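Residues annotated as signal peptide in TrEMBL: 1-20. Under the heading disulfide bond, TrEMBL lists 30-241, 79-88, 93-99, 148-230, 153-213, 161-176, 180-189, 190-200.
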């Protein structure tokens, strides 16, 4: 009996830790519809089928998994459903309303998460402009302990996006590309010889994003201190047009 109890004890130790309830809320404060999309990292479940529509001044809340989850959230804009074909001007995930695990087309503003990691129930979050910008976005934590700032980009960079980085649709600027997407060089994409912290440096293109929105990642090896670890937040809000 003693050996069985010990084996049972070890099995319990190996089970994923269950943590405090965490609500994810996606808020659309924009004066236009946004279609949020959610992509889990490999091995993690798809949340809310991966995407949905949010009308202006509305929100949607749902529970995060009780165990470790990581992934990203972004907003799609300019979406239409024509003759049964769903497409978006920015952030499109293969022409689907519910992305169901698919990634989105760049450029797009990204919120990145690693929830319920470590024995102290840390939730890490950041907003990235490494893949460009399509809509203002912030992440706002509630009731967490430790370092839990609001991060992201409240500025509308479509109005100031350099001509070389502009993405157009229907005669207007709908997104702002990264230097990597616009010019496709190893230096701007931080690949090849530039794929490490010593050689991947800021450029005038990443500086455009960084100066406007300092609380975001602007290039691949930007400061790791921008990923904040907040202990046991009760809610994380992703807010478009904060």
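Yeah, the Cβs are placed from backbone N, Cα and C, and that goes for glycine too.
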Residue 200 (disulfide bond) CB neighbourhood, other CB atoms within 10 A: 21
C-alpha spacing of residue 176 (disulfide bond) relative to residue 189 (disulfide bond), in angstrom: 16
Top Cα neighbour of residue 161 (disulfide bond) in the set of disulfide-bonded residues 30, 180, 190, 230: 180
Euclidean distance between Cα atoms of residue 153 (disulfide bond) and residue 176 (disulfide bond), Å: 13
For residue 93 (disulfide bond), the one of 79, 148, 213, 241 that lies nearest, given that the disulfide-bonded residues are compared by Cα: 79
Neighbourhood of residue 180 (disulfide bond) by C-beta distance under 8 A, where only residues 6 or more apart in the same chain count: 188, 189, 190
Cβ neighbour count (within 10 Å, all chains shown) around residue 79 (disulfide bond): 18
Distant-in-sequence Cβ neighbours of residue 213 (disulfide bond), under 8 Å, six or more positions away: 127, 129, 152, 153, 154, 155, 157
Which listed residue (30, 153, 176, 190) has most other Cβ within 10 Å, given these are disulfide-bonded residues: 176
